[in-house]
Amino acid sequence: MMPVDDLQEIPLSKDTTEKSKHTVRAAGAVLWRDASEHGGTTGHPATVEVAVIHRPRYDDWSLPKGKLDQGETEPVAAAREIHEETGHTAVLGRRLGRVTYPIPQGTKRVWYWAAKSTGGDFSPNDEVDKLVWLPVDAAMDQLQYPDDRKVLRRFVKRPVDTKTVLVVRHGTAGRRSRYKGDDRKRPLDKRGRAQAEALVAQLMAFGATTLYAADRVRCHQTIEPLAQELDQLIHNEPLLTEEAYAADHKAARKRLLEIAGRPGNPVICTQGKVIPGLIEWWCERAKVRPETTGNRKGSTWVLSLSDGELVGADYLSPPDEK
């Protein structure tokens, strides 16, 4: 088991209820834009501006956030809430931790991400009547809630402008022992196909651009809906199968780094006996400690890179699991 990063694992505020009746899931973001055109280094914390919103209902200044809609994952909700509250589209990056606090219904749990604005215009609405873009120090003063300020401090603690590599374990595909044909051709089952469809919005929230899959039908099928959405081909990767990894893990590592070094945000879909070893090796190499670990079918590792170096590794459960 890889060590846990204390910075990310500890909730920003603790639930003080003895027994929660219900957990309300929500997601939010530090929405940022580059202000380097005014003089500075692109993506440096000192030259970015972050969005702080005013909600007339509460008369407060806070970060964009909101509850999940039915069937949504936290990353999808974060991207949607950003657009609804600020008018901006955005690409998610590093996960910044979670806030939990008691509410009358039980407990509210909010996961936050860094989110780079890709454009848009704010229009006042019933939920948000003002938006200001501020340097980090000024935003820290503007935010009213201590938890929001803690999230913002986490945002600037590590590189702001990052590239993302998305490593996906293929969706469910029945049991190997029950499949009579060539296991390389074993397809996704009904749940696996649903996972593949649900992964589209989640992977697009992180700006997925290029697609790679281990040489297995189920790996290709897992990202086929995304390939159709992006109108992209899926590159076949023989070096990233379980058998190839067991035979030559160094070749698989080299291939992973080659893909990560290419332009864009790649999605790499592979198998359950490949992912843990690759993630652990890269994290140890970069001295990155993931907040949580996992390897469920349909799950995703969101790997954040800055100047080619791994700076964050976030595990996301399958989209059909809470």
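Glycine is treated like the rest: Cβ placed from N, Cα and C.
Marked as region 'Disordered' by Swiss-Prot: 1-21.
What Swiss-Prot records for 22-156 is domain 'Nudix hydrolase'. Confidence across the domain 'Nudix hydrolase' (22-156), taken as the mean pLDDT and rounded to a whole number, stands at 94.
The C-beta environment of G66 (substrate binding site), restricted to residues of the same chain at least 6 apart in sequence and closer than 8 Å, consists of A26, A27, G28, A77, R80, E81, E84, E85. What Swiss-Prot lists as substrate binding site is R55, P56, R57, Y58, D60, K65, G66, K67, Y101, K108, E127, Y145, and the listing cites experimental evidence.
Under the heading Mg(2+) 1 binding site, Swiss-Prot lists K65, E85, E127. A strand conformation is recorded for K65 (Mg(2+) 1 binding site) in the three-state DSSP classification. Taking a C-beta cut-off of under 8 angstroms and a sequence separation of 6 or more, K65 (Mg(2+) 1 binding site) has the following same-chain neighbours: A26, A27, G28, A29, A78, E81, V110, Y112.
Among the features that Swiss-Prot reports, motif 'Nudix box' is placed at 66-87, with the record citing sequence analysis.
The annotation Mg(2+) 2 binding site is assigned in Swiss-Prot to E81, E85, E127 on the grounds of experimental evidence. Cβ neighbour count for E81 (Mg(2+) 2 binding site): 25 (other Cβ atoms within 10 Å of its Cβ, all protein chains included). A helical conformation is recorded for E81 (Mg(2+) 2 binding site) in the three-state DSSP classification.
The residues of the domain 'Nudix hydrolase' (22-156), classed with DSSP into helix (H, G, I), strand (E, B) and coil, number 37 helix, 63 strand, 35 coil.
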